[in-house]
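Trainee: Feature annotation from Swiss-Prot assigns ATP binding site to Gly10, Ala11, Ser12, Gly13, Val14, Gly15, Lys16, Gly17; the stated evidence is sequence analysis. The domain 'Guanylate kinase-like' feature in Swiss-Prot is assigned to 3-180.
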Amino acid sequence: MRGRLFVMTGASGVGKGTVRAKVLERTRLFYSISMTTRPPRPGEVDGVDYYFVDRPTFEALVREDGFLEYAEYVGHLYGTPRAPVERALSRGEDVLLEIEVQGALQVKRAVPEAVLIFLLPPSLSELKRRLVYRGKDSPEKIQKRLEQAEWEIRNAHLFDYVVVNDVLEEAVADFLAILTAERRRSGRMGEALEMALRRDLALEAELDEILRRRYGGTGH
């Protein structure tokens, strides 16, 4: 059975990376590492947090249709390399993407069965506090991120699920509950299809036997 594609998204500063790390500790998922043209932040490692590349390299991959999705956010390009995701899904592995909102909506258009989970801050004032205390952005960039966040929050209804990241452990538990529910739903669908196929095969065998008895041959 082909794997499921889960997409975590939300405003910058909402805590996607922290929630994602906790989720990956507690369940089996293939985590797809994104590519970006922004410079690494202190402590970030190339090939672990992101693949850090220059703009010409990124744009060359765009021309080769090498991204499942890509978008520009606050002056930098972000994208999900297509090949690793496709390989993992084909192996039957469930895949997790942690990407920007624009990219998540692109994925939903390209892969309608993808499950989009929007991570929401408890309030915009709390989001601003987190961005300020993170200490990574200038006041101008923080304001730009907040304006972007307002638009994203207004469009949260476009996503399959919304998780409020107020208390970290509660947000992680909610995220894991969504994964469990979706996996069970997929399992039930697979079982239902298998049962339907078995019924069809049994009916075909029964009809063949009736025809054989009636006409001394088969129905084929």
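Note: Cβ is positioned from N, Cα and C throughout, glycine not excepted.
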Trainee: Three states by DSSP: which one describes Gly10 (ATP binding site)?
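Mentor: Reduced to three states, the DSSP call for Gly10 (ATP binding site) is strand.
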Trainee: Other residues with Cβ within 8 Å of the Cβ centroid of Gly10, Ala11, Ser12, Gly13, Val14, Gly15, Lys16, Gly17 at the ATP site?
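Mentor: Here the non-site neighbours turn out to be Leu119, Pro121, Asn165.
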Trainee: Using a 10 Å cut-off on Cβ-Cβ distances across all protein chains shown, tell me which of the binding-site residues (Gly10, Gly13, Gly15, Gly17) has the largest neighbour count.
Mentor: Gly10
Trainee: Tell me the Cβ neighbour count for Ala11 (ATP binding site), meaning other Cβ atoms within 10 Å of its Cβ, over all protein chains shown.
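Mentor: Ala11 (ATP binding site): 26 neighbouring Cβ atoms within 10 Å.
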Trainee: If you average per-residue pLDDT over the domain 'Guanylate kinase-like' (3-180), what number do you get?
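Mentor: Looking only at the domain 'Guanylate kinase-like' (3-180), pLDDT averages out to 93.
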Trainee: Who sits close to Lys16 (ATP binding site): which same-chain residues at least 6 apart have their Cβ under 8 Å from its Cβ?
Mentor: Met8, Thr9, Gly10, Glu98, Leu119
Trainee: Determine the Cβ neighbour count for Ser12 (ATP binding site): the number of other Cβ atoms within 10 Å of its Cβ.
Mentor: 23
Trainee: Does anything in the same chain, at least 6 positions from Val14 (ATP binding site), have a Cβ under 8 Å from its Cβ, and if so what?
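Mentor: Within the chain, Val14 (ATP binding site) has Cβ neighbours under 8 Å at Leu119, Leu120, Pro121, Leu127, Arg130, Ala149, Asn165.
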